[in-house]
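Feature annotations, reproduced from TrEMBL:
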BINDING   ARG192, GLY193, GLY194, ARG195, THR312, ASN336, SER524, ARG585  CoA binding site
BINDING   GLY388, GLU389, PRO390, ASP412, THR413, TRP414, TRP415, GLN416, THR417, ASP501, ARG516, ARG527  ATP binding site
BINDING   VAL538, HIS540, VAL543  Mg(2+) binding site
DOMAIN    24-81  domain 'Acetyl-coenzyme A synthetase N-terminal'
DOMAIN    83-467  domain 'AMP-dependent synthetase/ligase'
DOMAIN    532-610  domain 'AMP-binding enzyme C-terminal'
MOD_RES   LYS610  N6-acetyllysine
Amino acid sequence: MTTPSLIPVKPEVAARTRIDSEAYARLYRESIDDNEGFWRREGQRVDWMRPYTQVKDVSFDASDLHIRWYADGQLNVSANCLDRHLEKRGDKTAIIWEPDNPADAPRHITYRQLHEEVCRFASALKAQGVGKGDRVTIYMPMVPEAAVAMLACARIGAMHSVVFGGFSPDSLASRIVDSGSRVVITADEGVRGGRAIPLKGNVDEALAQPGVDSVEKVIVVRRTGGRINWFEDRDLWYGDLIADASPDCPPEAMDAEAPLFMLYTSGSTGKPKGVLHTTGGYLVYVAMTHELVFDLREDDIFWCTADVGWITGHSYVVYGPLANGATTVMFEGVPNHPDVDRFWQVCDRHRVTILYTAPTAIRALMREGDEPVQRWRRDSIRLLGSVGEPINPEAWGWYYRVVGEERCPVVDTWWQTETGGILISPLPGATDLKPGSATRPLFGIQPALVDAEGRILEGATEGNLVLLDSWPGQMRTVYGDHQRFIDTYFKTYAGMYFTGDGCRRDEDGYYWITGRVDDVINVSGHRIGTAEVESALVAHAAVAEAAVVGFPHDIKGQGIYAFVTLTSDSQPSEDLRKELVQTVRACIGPIASPDHIQWAPGLPKTRSGKIMRRILRKIAANEHDQLGDISTLADPGVVEGLVNNRLIR
Ligand code: ATP
Ligand code: MG
């Protein structure tokens, strides 16, 4: 089955939305022509304790770099996510919690209940001496208490650093040291895919390491009641603290530019960066993008499947939805437990209207065929979203046809931990869709493509993706290493923010992310993006997932080496290998023909599910003794198998 390469906005969708294509074009132009005026108005989305008079104070010049938004305003993020909804939405469900085991009861937490719990926990943190500017590490499973902990920190002006619950004690330790956290909030155990994860045990191990000495208190949520060690003078039960604490805890007035949180990037390209976001601009930006991109309505049930340990979880499980008074679903489990139909079961159970997930999950579920999807009705869903990697047109088409039954627009949202929120994405009522393209910039966002020298390229072209101007949700620094911030993002091209991604722009002005610039392959002088070759491979019915890298080639400079994972009912064979090469030749051209195809039962991925091509590059080049930082790898076992079966020795 093929999906058309252009899918016009459906009239019934356009009729319901606030922004149609004409409004998009007009508002976009206005937002660039009068950028400051635009953001001055958008700033009104949130409630200020002291109104701002200044809006934008930005320089991208590396010698005088500064990024400040709404700098003289004051506000509190938790008050915006909770208190301001109490009057109208006190009894509305803020969080629906879906546990790992579908036989266990979900929880529905109203805005009023969430407000009370956050106030109590914020009081408890204060009683432990935590206050403005202190750092708190949150190492939690996907339970509502994780959101409570984040919001409680925001309420008292402490910065949180959420560390994904799948990370090892070593990774946790280095992040605690980097942040200098005084408090760690965790759970006795996490539960994912039917397995218990010893979170408290991992914290104990991390804190026992030499040099990890900033932590005074460990606060433990009881999730499973499993056996744990207890250190009387250090450990506290969350439940006890909440029971004893005052429900009265007024929100601190925070400067707009006060830090809200720090969060590490996924580590796809190297050592993770401790990205710092601030209070006012971040909140304005996530509230705006959550409303526009998802065309939010009062009765939506919004489900973003990301873990709160990633930026997507921060911006679109917690802060965006709650700032907008929406109902957000928090899912503790994984897509394939107890069975591969779990996502669709959850959608039906909670009448999810908007589903936002990642290509890695879509490809994994597509691999299992259509039947598990069709076991469920999915009739509540009206909009589908994708984030995290380029989505191959094949996977996009499956998501659109099989999951959404051609009824639901798919919004492919491009952004980064660094950007705080979505920058390039369709708007459901305004943008004709092209499978595989993140389409067009949101209001106030000025992407550009530049060549290696930083010259701006016009029209339909391909180049390095930069942003010419700031937006309120932009990161402000790398925590504790401002020079790294400047060097990484502002030194490559003078006066521009460099994203690290390669991109093509077509004749309609649509943006197509071609992969990381570091991953671009140069075959006999032709620059070939990994995403396009991978998409060609995935277009073959037998292929579930593919990762493509360059390797040193005597004649061509670089050759193309593909790692290919087949669907569950396909077998590797020499004929299939030839067919795949043929497919790529047909889709892209002979220049992109893979020189080698290695069958890969699994691919090395970050904990957030992104393919780590830099590791594959080392395997392809027969340099597997120099893999670099692999601490963020989800399953190191995958690498060994690939090394053992490498084709170049
Ligand atoms: P690190 O910066 O540590 O190498 P990372 O870049 O994977 O890790 P994230 O901030 O989680 O960390 O990911 C942002 C990147 O993910 C983007 O720069 C882009 O490469 C990719 N990405 C995210 N969404 C999309 C999308 N919709 N289409 C294409 N690529 C995407
Ligand atoms: Mg990155």
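Glycine too: its Cβ is placed from the backbone N, Cα and C atoms.
All features noted in TrEMBL, drawn onto the structure.
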residue : record              : Cβ within 10 Å
GLY193  : CoA binding site    : 15
ARG195  : CoA binding site    : 11
THR312  : CoA binding site    : 26
PRO390  : ATP binding site    : 26
THR413  : ATP binding site    : 25
TRP415  : ATP binding site    : 23
SER524  : CoA binding site    : 11
VAL538  : Mg(2+) binding site : 23
HIS540  : Mg(2+) binding site : 20
ARG585  : CoA binding site    : 15
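Here the domain 'AMP-binding enzyme C-terminal' (532-610) returns a mean pLDDT of 95 for the predicted model. Break the domain 'Acetyl-coenzyme A synthetase N-terminal' (24-81) down by DSSP state and the numbers are 29 helix, 11 strand, 18 coil. Maximum C-alpha to C-alpha distance over the listed ATP-binding residues GLY388, GLU389, PRO390, ASP412, THR413, TRP414, TRP415, GLN416, THR417, ASP501, ARG516, ARG527 is 27 Å. For the binding-site residues listed here (GLY388, ARG516), the lowest count of other CB atoms within 10 A around the CB belongs to ARG516. Annotated Mg(2+) site VAL538, HIS540, VAL543; additional same-chain residues within 8 Å of its Cβ mean position, judged by their own Cβ, are GLU394, ALA536, LEU537, ALA539, ALA541, ALA542, ALA544, ALA546, VAL564, LEU580, THR583. Of all the recorded positions listed (ASN336, VAL543, LYS610), ASN336 has the fewest other CB atoms within 10 A of its CB.
Around the Cβ of ARG192 (CoA binding site), the same chain contributes ASP100, PRO141, GLY165, GLY166, GLU332, GLY333, VAL334, HIS337, each under 8 angstroms and 6 or more positions distant in sequence. Across the residues annotated as binding CoA (ARG192, GLY193, GLY194, ARG195, THR312, ASN336, SER524, ARG585), the widest Cα-Cα separation comes to 50 Å.
When secondary structure is read from DSSP and collapsed to three states, ASN336 (CoA binding site) falls in the coil class. Contact annotation for binding-site residues (ARG192, GLY388, PRO390, SER524, VAL538) versus ligand 1: GLY388, PRO390, each with CB under 6 Å from a ligand atom.
The number of other Cβ atoms within 10 Å of the Cβ belonging to THR417 (ATP binding site), over all protein chains shown, comes to 21. THR417 (ATP binding site) has THR312 nearby among the binding-site residues THR312, ASN336, HIS540, ARG585, counting only those with a Cα within 10 angstroms of its own Cα. In this structure, the C-alpha atom of PRO390 (ATP binding site) lies 26 angstrom from that of GLY193 (CoA binding site).
Of GLY388, THR413, ARG516, VAL538, VAL543, all annotated as binding-site residues, the residue with the shortest Cα distance to GLY194 (CoA binding site) is GLY388.
Secondary structure of the domain 'AMP-binding enzyme C-terminal' (532-610) per DSSP (helix as H, G, I; strand as E, B; remaining residues coil): 24 helix, 27 strand, 28 coil. For the pair SER524 (CoA binding site) and ARG516 (ATP binding site), the Cα-Cα distance reads 19 Å.
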